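Scroll down for the structure; my scribbles are underneath it.
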Amino acid sequence: MAKRIEVSDLNIYYGNFRAVEGVNVSIEPRSITALIGPSGCGKSTFLRSINRMHEVIPGARVEGKVVMDGVDLYGADADPVDVRRQIGMVFQRPNPFPTMSIYDNVAAGMRLNNKRMKKADLDDLVERSLKGANLWNEVKDRLDRPGSGLSGGQQQRLCIARAIAVEPDVLLMDEPCSALDPISTLAIEDLMTQLKERFTIVIVTHNMQQAARVSESTGFFNLNGVGQPGRLIEFNPTEKIFSNPEQKATEDYISGRFG
Amino acid sequence: MSTQTTPTPSDTSVAAPEPRGRKGRLPGWAPAATFLAAAVVCLLFEAFTDFNLALAVVYTVVLGTIAVYLLSRSVEGPRQAVDRLVTCLVGSAFAIAMVPLVALVWTVVGRGVTRLDGEFFGSSLVGIVGEGGGAYHAIMGTLIITLLTTLISVPIGLLTAIYLVEYGRGRLKRSITFFVDVMTGIPSIVAGLFAFALFALFFGPGIRLGIMGAVALSVLMIPVVVRSAEEVLKLVPNELREASYALGVPKWRTIVKVVIPTSIAGLGTGVTLAIARVVGETAPLLITLGITNGTNLNPFDSRMATLPVYAFYQLTQPGVPPQFAIDRAWTAALLLIILVMGLNVVARLISRFFAPKTGR
């Protein structure tokens, strides 16, 4: 189920502005890959280009190749909607659908895509997804209540449940814990560790301890100056990045000398 | 040491200056009492000259405001005094704004209620020269025309708004926005003439049809619907659209199943207020529908009566004796006001019941 992603010579643009250039990376299946770097260096932009969410923004485009198990996601015959069905995403701010109950939020991936399912199967899927997101015990008695009534951490886990309910191969997480308290953060980190058995996870984070705690590999993005494109400076196993980085810039960043 | 243990009263006041808010406060009833006193003075003054109630009220407001300001300034200080002055001014402005509304409702209810009876709702004007008769044909006409207008305007307006918010780019979007703004300002008589000229092209001059009125009103209603729907759709957070895209939901389905349900309360309110805006239009219906005394429920066949035009003709061509027709005109006006007010209430209910629940 989990799949490998090969990125080669990826340039990402907003209109004429080149935001990220020359990314070459191979993301391993069944592992957590963390992307770190200062603000504005293109981590999130890169993340969003993996499931073609980048092009939702007017004027945004991508050059290069993103290949998932031999299929070019930007190939002429690739449909962005299909790509997003295989590569789920969790956003920085929890964004449950306000018009839907907790149950409907989790079932949204199925309902919105008009997949016909038996009620029992759907119940089963919702329960499985909520258990997968460690939320079942907290909400099982109020599945018909609106999702926006949950706390921030619960909402974020609801969004994770919603994302894994469509059974993607890859899960992208864009700073999923930045709006959460340490306890909710811990809950989500534990969850990620469980989820990597089934999914390939890519997480953008500003929290270097978090990257060190949860990830197998880490990529460091940086940019030379304002208005310059961001680049992937170093991509290595997390242990190596945090103990013996190859690049001086990486060492400066993780030791807190800049950024 | 001894000087510190026995400070004089003046010393303490220097060490801890009196807070500025500690000046005197007027009791809560003081402004009302001041205005009452001013009213008494002004009424006495008017009683000794030519009595004029309106002038007395104006004098009372001016005198009372000045008195409250001066009183407050001397007791409470300048900042509180300005606060009270502005409070008086805002209150007066509100009262002035309410005067025409109250007077209008008072007059229309007072005069309209005399004919607010079963006959008015149950019969038309066929064979009526003097007393009796009703506006059944006009009420049905207004309902039919408004329904037709809504059927034409809401799909066009909503789809335009969706295009502008979700798909529109560049020059086409800008020009549509511009022309919608221009349409908002079209005088209603022009809309009527447009529909008249349009149908005259196909059916020859002098044609009068219900559908013509609906087309004319649609010209007025579409821009209102577009504008309000556009604003409401823009309020839907982009994060919800992205959340939906990230689940692999196509764009059109995202719009139908996420964007519109999220904004349904605002859309319903906007449409209802747009209906309220056109339901009382007179000029375009005068041109396109004309008037008739009998009941015509078919908008594709000859003239129809509507409430505004009915009121207009009952007032301008009352017949002999005129009083019965003038009474009917007032009742038609009252019905229109009730209709618009009802629509506004419906709009409020829609926005309350369809708003996303927070669950807290």
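Any Cβ shown, glycine's included, is placed from N, Cα and C.
Taken from TrEMBL, the feature compositional bias 'Low complexity' covers B:1-13.
The domain 'ABC transmembrane type-1' feature in TrEMBL is assigned to B:139-347.
Taken from TrEMBL, the feature region 'Disordered' applies to B:1-23.
Summarising the annotation, TrEMBL assigns transmembrane segment to B:29-48 (among others). Here the transmembrane segment (B:29-48) has long-range neighbours at 55-56, 59-60, 63-64, 67-68, 71, 84, 88, meaning same-chain residues at least 6 beyond its ends whose C-beta is under 8 angstroms from one of its own.
The annotation transmembrane segment is assigned in TrEMBL to B:54-72 (among others).
Feature annotation from TrEMBL assigns transmembrane segment to B:84-109 (among others). Beyond its flanks by at least six residues, the transmembrane segment (B:84-109) meets 31, 61, 64-65, 68-69, 72, 76, 330, 333-334, 337 of its own chain at Cβ-Cβ distances under 8 Å.
If you look up TrEMBL, you'll see B:135-164 (among others) marked as transmembrane segment.
The annotation transmembrane segment is assigned in TrEMBL to B:176-203 (among others).
Among the features that TrEMBL reports, transmembrane segment is placed at B:209-226 (among others).
Using a Cβ-Cβ cut-off under 8 Å and counting only residues 6 or more beyond its ends in the same chain, the transmembrane segment (B:258-279) has close neighbours at 142, 146, 149-150, 153-154, 157-158, 166, 217, 220-221, 224-225, 228-229, 231-233, 235-236, 240-241, 243-244, 249, 336, 339-340, 343-344, 346-348, 350-356. Among the features that TrEMBL reports, transmembrane segment is placed at B:258-279 (among others).
Residues 105, 108-109, 111-116, 120, 135, 138-139, 142, 265, 268-269, 272-273, 275-276, 279-280, 307-308, 310-312, 314-315, 318 of the same chain lie 6 or more positions beyond the ends of the transmembrane segment (B:329-350) yet place their CB under 8 Å from a CB of it. Under the heading transmembrane segment, TrEMBL lists B:329-350 (among others).
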Within-chain partners of the transmembrane segment (B:209-226) [C-beta distance under 8 Å, separation at least 6 from its ends]: 141, 144-146, 148-150, 152-154, 156-158, 160-161, 164, 180-181, 183-184, 186, 188, 191-192, 194-196, 198-199, 203, 270-271, 273-275, 277-278, 281, 284-285, 287-289, 296, 298-302, 304, 306
